[in-house]
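Trainee: Taken from TrEMBL, the feature transmembrane segment applies to 6-27, 122-142, 176-196, 208-228, 248-264, 273-291, 311-328, 391-408, 420-437, 443-463, 475-494, 595-615 (among others). If you look up TrEMBL, you'll see 87-294 marked as domain 'Cytochrome c assembly protein'. Marked as domain 'Cytochrome c-type biogenesis protein CcmF C-terminal' by TrEMBL: 313-614. What TrEMBL lists as region 'Disordered' is 617-637.
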Amino acid sequence: MTGQIGGIVLGAGLVAAVATALLWSRVALLGVSARPARAATWATLAMAVLACAVLEVALVGHDFSIRYVAENGGRDVPLYYTVTSLWAALDGSLLLWLLVLAGCAVVVGGRRPERSGPLQPYAMAVIGVVAVFFFALTYFAANPFTAVSPVPADGPGPNPLLREHPAMGVHPPLLYAGYIGLVVPFAYGVAALLAGRTDRLSVTVVRRWTLVSWVLLTGGITLGAWWSYAVLGWGGYWAWDPVENASLLPWLTATALLHTLLAGRRTPALRSWTIALACSSFLLVLVGTFLTRSGAVASVHAFTASPLGPMLLGFVLLSVAVVLGLLVSRSGTAAAANPSPLLARESVMLGNAVLMVAVAAIVLTGTLFPLLVQAVQGHRAAVGPGYFNRAAVPVALVVLLLMGLAPLLRPGRAADLRDLRVPAFAGLAVAAVIGMLSRPGVLALAAFALGAYVLTGLAQSLVRRRGDLRRWGWMTAHAGIAVVAVGVAASSAYTVSSERQLRAGESITVGGVTARLETVDRLGAANGMRVRVRLALGGDAGGTSEPQLRYYPARDLTVSVPAIRSGVTGDVYATVLGAAPDGTGATVRLAVNPLVWLVWLGGGMTALGALTAAVRAPSRRRSPSPSPETPVPVGAA
């Protein structure tokens, strides 16, 4: 019965989404009242909320007659992870996707036209079309409410990796909200192209939604890296995995979009570039959705293989074709450029935007290359971290260089190179000291130097011109990026590790830390078995460490749970790789990861700083939109 109700609600949501797209199109083309369209938008959200609620009731109530619950629920799963199981697998995660998408539609469609700009009806029609696709995809191809027979007495629970860390309740919703929030800049960009009035793009709306989405993506990516570091057991936090790259791509283009919006306030010629970036950011979200949900790539972060691949790929290709066609057809509408001096702030910000797009292109190429090779030659080529480190990291370092310049420059005026003396000296001094004391490698040394250069420049800028809280927010966000760069460089260049088979009383020494194996305990659990290894730490760390192996028979999966002891200088990261059946020994991997906490600190600074800038954005800077009450006819010149 619960499954039938859920299916009906999901079908009603599809009908409401179709009505939303059609009614907003009618408002855009005919200029009629938007009240029925807003009602349809609210109905779409109501059906998405109800669908999620029905599935949550089924999960909490252990209704194993529903396939999704039978595959992802379990009586021994704690309530917290039972609730978060809603987005633990493909079908349920699409419900969360629909919920956030419908919520965004209500927020955009419910605002007064004078605050949303004259293109609001067109943008809402575009969002409605996106909602129709995802409702149809969920209802026809990934319906979580389908029945299962015979009904099992219990389920295996979610993937064990998804119930080993409380971030499961925060990371996916954060990331989804960041992804889907980019549909609004996309919709306004497409709306401007459809109407043939790129000059009437509501820059304020695009900037606000891009900034909020960027903050959410920053928080989601940082939290995801921390979660990976704490759970997966390999000792790192970023592996250039295809799904990791899929989250990074829209973040990069959204960053470029924010810089272009700021630089383009005095340069109308950048409007087409702004629209292209706004569209590209959400198109990359769709590419990431395809990679994550099609089974096309092998990743610990991806969902299992599904039949959604061709449908998602078709929608991605169609969307790209439509956007490219519109961009080409409207390419002649841009205004003439008003060039700024080479070292004016606008020029530096635009340079950074171009470099961000270049990094995104490099990452996208490396991510899609194996799929293209497989499609053409029938076998999949491997693109490892080495490609990304060699191709993307040097460009990212140039981004850091320009990022340190921008706060010292004035809008529209050439730079006074004397302002760069103190930051440049700080960077060179740090490089000289670190280079004499160690050999971190060229890229890591450059990251240390540029991090010091950026942080010194930001401090100098704040001392000279403190500004309001909004300026402090942006400065904090940029400082966070520099801190992340230093943390990545330190943890990459100076991490040391070793693994060894130990018997009780034997020890392993890594980076000044000694770990002595004390006991190997086999413990029973309600949902499987655990092997707990107790290590006594000596040297610089001290204390004990207890990594574990956990076996989940319902999924026939063994998970290595690391033990992490964090300190000011770094982390001691212990993992058990195997244990002797008689409990007399274990294979242990011990790593010392210096300053990895700077990555989490910097990510938090970046997100919180940008959030501060967003909430304190002064209303006087809003870009006025002429005649907001009157929709722009399609094809208007």
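The count begins at 1 with the first shown residue.
Every residue, even glycine, has its Cβ placed from backbone N, Cα and C.
Automated prediction, rather than curation, is the source of TrEMBL annotations.
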Trainee: Determine whether the transmembrane segment (391-408) and the transmembrane segment (475-494) share at least three Cβ pairs under 8 Å, counting only pairs 6 or more apart in sequence.
Mentor: yes
Trainee: Going through 248-264, 311-328, 475-494, 595-615 one by one, which has the most CB pairs that fall under 8 Å from the transmembrane segment (208-228)?
Mentor: 595-615
Trainee: With pairs restricted to those 6 or more apart in sequence, evaluate whether the transmembrane segment (273-291) and the transmembrane segment (595-615) have 3+ C-beta pairs under 8 Å.
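Mentor: No, these stretches are not in contact.
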Trainee: Hey, which bits of the same chain come close to the transmembrane segment (176-196), Cβ under 8 Å, at least six residues off its ends?
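Mentor: Residues 87, 93, 96-97, 100-101, 104, 108, 117, 119, 122-127, 130, 202, 205-206, 209-210, 212-220, 250-251, 254, 257, 274-276, 278-279, 281-283, 285, 288-289, 322-323, 326-327, 329-330, 333, 632-637.
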Trainee: Under 8 Å between C-beta atoms and at least six residues away from its ends: which parts of the chain pack against the transmembrane segment (595-615)?
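Mentor: For the transmembrane segment (595-615), the far contacts come to 208, 211-212, 214-215, 218-219, 221-222, 225-226, 229, 237, 469-488, 490-491, 494, 566, 569-571.
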